[in-house]
Ligand SMILES: O=C(O)c1ccc(O)c(O)c1
Ligand SMILES: [Mg+2]
């Protein structure tokens, strides 16, 4: 796979873009003319800078408004093209993108455009240049790759070919399988971009909302399968116009871009194994069987507050690590680790973020294979010291520096090998499993996080929902990969509960953990007896759900008495209650799902957030 990224896809100055593309292991770049013009380097210097970064210039673009013009505009367009061919020679690239015209004077006509390109082909050929023609989906006369291909076919010139761009094809809902009929050697270049499914003007959508493949809702995999089936063997290039990326960090944008391409091509070969995808073999998406543990990083002075909070939720300390300052707290099938080591990864996490979740342990069929896949997708392996008789548990780093570990279900158990258990697992308050893990990040980072989960785990995303915090909007997206459910909460404002959590913890990620119970009324009562700092929900909320769902008044009484929130879908119900946010911002949630309910009670989130903001006062865990 020859990977390429357009300079327009990356933020920063020209040199920053090159450094980022190199660090992310791209093979080549497309020079977007505007980036070149804005830079202060001569064309020869730019060419040398690119090659000094180990990169090729695979394409120069765009050349606008060429075909179908009347005289004298037509001659002017040819003269302009020759100037750009001169520039390309100095840059050191032989392929240029001509996009379909939006010029008000452009005349239609497939043959007229073909004649113009054929004539241009002779000029280009004399200079060893190839011209690729791309249909912009808002082009004046040509807005469909099938028409662009017909023009290229009629131009019938070896130096004139087609350029495909997934956005232009998929935005117009053109069937990508029509690409399978195009000879692969006439496709000179392929640009890729995804986008979220939002109805809007095509040009505006393209210029502001493109995303990396897999981060949006378009079928970029179907598009790329068709391109490969056509016999295309050239570079695949990311051409992403995106407002968020423009203000992002060059290296992170480039890294996500490379990850998205590797993931895309892996998906292509898994969908159509006969296609010749040039990518080293690595294991498929990691299927998560369970959440085996969640570890909190803390320090001896802070552990007491956290442990008191866990005890109030029905957990009991049942054992300790053989060689480390780590206690095991349990109830039902849930294992929580409280790590107060004075060295190592957890300690560093505590120093950076305060008390909070530092690691999540997942059971998978092939732990080592999971790490292998993740490293091919650019996630660093996460090694942790272990004693001679202790398990080496492979792991990776998540997006914000959090860690994930992979364990075999049922194999030599971590609990038997690394831990001394002093008592059996208690029933506690009836929590049986981790239901989901809620991570919080700046809104601009959300796509990075979701790509991490969708690429490594093959996770499914549900639709993004807007949650109104009294002080700003929070976007929430649920991600599911087998037994791993994660909700991502992107804070737009620093004053939202989510935004403040990020500030207060210096970028910690897990803001809350949700546990599942099979009897939420019994669990809520048992936790109340243990002094759980439940979040109080006001009467207006209960009046509303009684009206909205036609709730039986007796049920309304029961849920209200225990501060349980309620949601339902045609196939099932969802009951949930929360703790107050603890100093530092962490909180817990308890849920019960019935029937086929798959959501997270999103309609309740604004009321929960408002209640949390009202309830803010120190309780439970002391602040650091
Ligand atoms: O937005 C544009 O004008 C534009 C330019 C060049 C491209 O390759 C493209 O896909 C879009
Ligand atoms: Mg394009």
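Note that Cβ sites are derived from N, Cα and C of the backbone, with glycine treated the same way.
Remember, TrEMBL labels are computer predictions, not curated facts.
Owing to the predicted nature of the structure, the values given are computational and were not obtained by experimental measurement.
Among the candidates 341, 359, 589, 616, the residue that TrEMBL names alongside 436, 512 for the Mg(2+) site is 589.
165 is the residue from 156, 165, 217, 219 that TrEMBL records in the divalent metal cation site together with 134, 191, 239. The binding-site residues near ligand 1, defined by a Cβ under 6 Å from one of its atoms, are 165, chosen from 165, 512, 589.
Between the CA atoms of residue 239 (divalent metal cation binding site) and residue 436 (Mg(2+) binding site) there is a gap of 35 Å. Within 10 Å of the C-beta atom of residue 239 (divalent metal cation binding site) sit 27 other C-beta atoms, taking all shown protein chains into account. Residue pair residue 589 (Mg(2+) binding site) / residue 191 (divalent metal cation binding site) shows a Cα separation of 44 Å. Each residue in 61, 97, 163, 164, 166, 167, 168, 189, 190, 192, 193, 237 lies on the same chain as 134, 165, 191, 239 and has a C-beta within 8 Å of the C-beta centroid of that divalent metal cation site, without being one of the site residues. Calculated from their C-alpha atoms, the gap between residue 191 (divalent metal cation binding site) and residue 436 (Mg(2+) binding site) amounts to 37 Å.
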